[in-house]
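One structure is given below, encoded as structure tokens.
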Amino acid sequence: MHPPPPDAGVAMDFGQNSLFGYMEDLQELTIIERPVRRSLKTPEEIERLTVDEDLSDIDRAVYLLSAGQDVQGASVIANLPFLMRQNPTETLRRVLPKVREVLHVASVEMQLTAAVSFLTILQEESMSVHTCAHSFLQVILLHLEHRDTGVSNAWLETLLSAVELLPKETLRHEILNPLVSKAQLSQTVQSRLVSCKILGKITNKFDAHSIKREILPLVKSLCQDVEYEVRSCMCRQLENIAQGIGAELTKNVVLPELIELSRDESGSVRLAAFETLVNMLDMFDTDDRSQTILPLVKSFCEKSFKADESILISLSFHLGKLCHGLYGIFTPDQHLRFLEFYKKLCTLGLQQENGHNESQIPSQIVEQEKKYTSVRKNCAYNFPAMIVFVDPKNFHMELYSTFFCLCHDPEVPVRHTIAICFYEVSKLLNSGVHLIHKELITLLQDESLEVLDALINHLPEILELMSTGGENSVQENKFSSVPDLIPALTAAEQRAAASLKWRTHEKLLQKYTCLPHIISSDQIYYRFLQRMFTIMMTNNVLPVQRAAARTLCIFLRYNRKQEQRHEVIQKLIEQLGQGKSYWNRLRFLDTCEFIIEIFSRSFFCKYFFLPVIELTHDPVANVRMKLCYLLPKVKSALKIPADMHLLQQLEMCVRKLLCQEKDKDVLAIVKKTVLELDRMEMSMDMFQKKNYEKDLLDQEKEREELLFLEMEQLEKEKHQSDGRLASDKSFEKKRRDSRTSTQSLSKNLPISVPGPSSSTASTSKEIKKSKLTRSQSFNNQAFHAKYGTLDKCASKSSTLAHTSSVSGLVRTAMLSLTDDSFRTRNASSVPASFSPNPVMPSTSRGPGNTADPKSSGSKDAQPRKATLKSRKSNP
């Protein structure tokens, strides 16, 4: 055994003493512990706060204002608008006098509450002008000069709202006449500030003569006040005063005051004068702008860099207005200098040598950087105006480098602002939009999601401009000059998906629906469509999953290859509709809802009707419940009599749900759904007046789907014919070489060449070319759920019907040709993608009128029934 360590007993004694010491401390804490009150109020306080329940609202308000506590009085004042709506007469007679008494000694909180209540009453305009003047105006005027600035400003806002309701004479006697004394130097600064704001508000209520005689002397006096705060406040009201006195008095009275204030010793006054001048540019004629205002603006620009940086932020913000207001006045030299000044502001703070000044403390450096960032942000905001200023034709030479700097600015607010303006810049550049392709990629790849969120607000419009704005744009490869577009779009989506900002991710997926306009269906299929599947299967945010589902349906709608369409449909049914996770089956129902909205009725019934109906046997109640909500839309996709067998299957499934459903919530929804289904009117094969527009839209969708399939076949034939044409050309060349020796003889002898005539061949080529052109132009058509007005749809339908009839006649006439590829075709042939597929479950349309375009897709006498794969679902 090892001997015990030395001083072990001492250590033990020390631990025991410490333990006993802690226990004594706890006992002392127990002794000094005070009992906790079980109630916030004593019985006496509760008694004082208790009010008789039988009192009316008016009586209760009077009682609480007279004998209640402050919190009860504040509650009554906050409830004053309700009392005015309920019983205005008694409120004015009994409650309002009590409110006046309370406000004399009220706290700041109660004063603010009263100002808000009075403002609400005035904005509702529920009382006469006489009542407003005699009952409320005096109370408002009495508290305008409250010692608390917040209370005074609240009552001032209420008064300015009351000015709009009061007649001229009331304003003159109750407000304007007292202002003569309130605006004197002997009054407080707060009183004079209030006078400035009131003068700016009431000017528009009087004629020019009254303004000149009664108001302008007060305005001049306040513009020359000894306090810079008063001068600045009055300066900002000169714009409102100028609107009331006309151009002549503005030029003779207001403009000289502004010029004098622009040279004031106080920077805040000079800033107010500059901003007022910018806002009033439209009120001055060309001479005043060129001879008076332009030199002032030039002086402001020079001083802002030399001695007065406080004006830089305001100057950069108002550059757009200055460009617009002074357009056409600049000389070429002044134009160039102003442009250089703008460029300098765009890079302010980015080109400092050796960092900051050593004499500056860190807080000053931070403030200066914030100021410079605000300046560059304002420059980004005004960039579209500067494009107009230099002319879009000169963008590349004058402003492209500046635009590049703004898009690569190190501060997020600057890049965020230029991203907001990107669409405006694209519109202004028009055919020169290709110049900013790289900047679009840069902003799409920006590390900040705020920048991406701002850019994608108008992403479809931007991409559309870029795809059609260039002179060398090609339909199938519009962005060949920007190979990084697709990687940038996919990277932006992945970056949004990895963040917590799911709303940005949802918005981006919604904007992806424009891609069929922009890039080929193969690019969408391989780079985007599979990603939509992944999001639907793995993402945890429901709005994001639904956005991905709708975008996937749009991609499927405009996919140009039959094999790819079948693969997508099969994956939807097998991985979602028959998926093991009930969450995937719910998303399948969401997808079917979008398919009903986007595709034609025949498409839904052919591919998705049976998989949807099969979910009535789903083991999870939530799936069956969601299916019940979808059943009315499923029924609306059926047409009678072609889909009578589908309607019978639907009714059979509903009856089974009614008889076999055990979940009470699902059963309740089933009963409601049955009532809704019974009230629905079925669509007929022939157009009806009630559903004429819907039927016409559906027919348009179906014809577009059929035409897509036809165009795919024609494109295949075109590729085959191009190959044959190349071989025919080589053969023809050899034949001509071999017959060179007998050329003179052949000119005199008729030559008969078997095969189609040149006119017939050229006709068939023209037909194919026109159809291919029409196919390629489909991606430029709008493909939202609502395709437009009835007139547009009618015109489209008539055009397509005429085209179909012409193509049918041409194909019939071409049956006699020797070409095997045309001999096998028939005018009533069924498109390939609408033929039965043994892999995917589909529902054939029932027999109907052969003239109907829907029934022409199938000639089966009996409806084909497809069995779905049995599956076991794990809830």
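Glycine residues also receive a Cβ, built from the backbone N, Cα and C atoms like all the rest.
Screening Thr91, Thr149, Thr799 against Swiss-Prot annotations picks out Thr799 (annotated as phosphothreonine).
Screening Ser363, Ser374, Ser480, Ser777 against Swiss-Prot annotations picks out Ser777 (annotated as phosphoserine). Counting only same-chain residues 6+ beyond the ends of the repeat 'HEAT 1' (215-253), those with a CB under 8 A from a CB of the stretch are 176, 179-180, 183, 185, 189, 192-193, 195-197, 199-204, 206, 208, 260-261, 264-266, 268-269, 271-273, 275-276, 279-280, 283-285, 288. Along the repeat 'HEAT 2' (254-292), the predicted structure has mean pLDDT 91.
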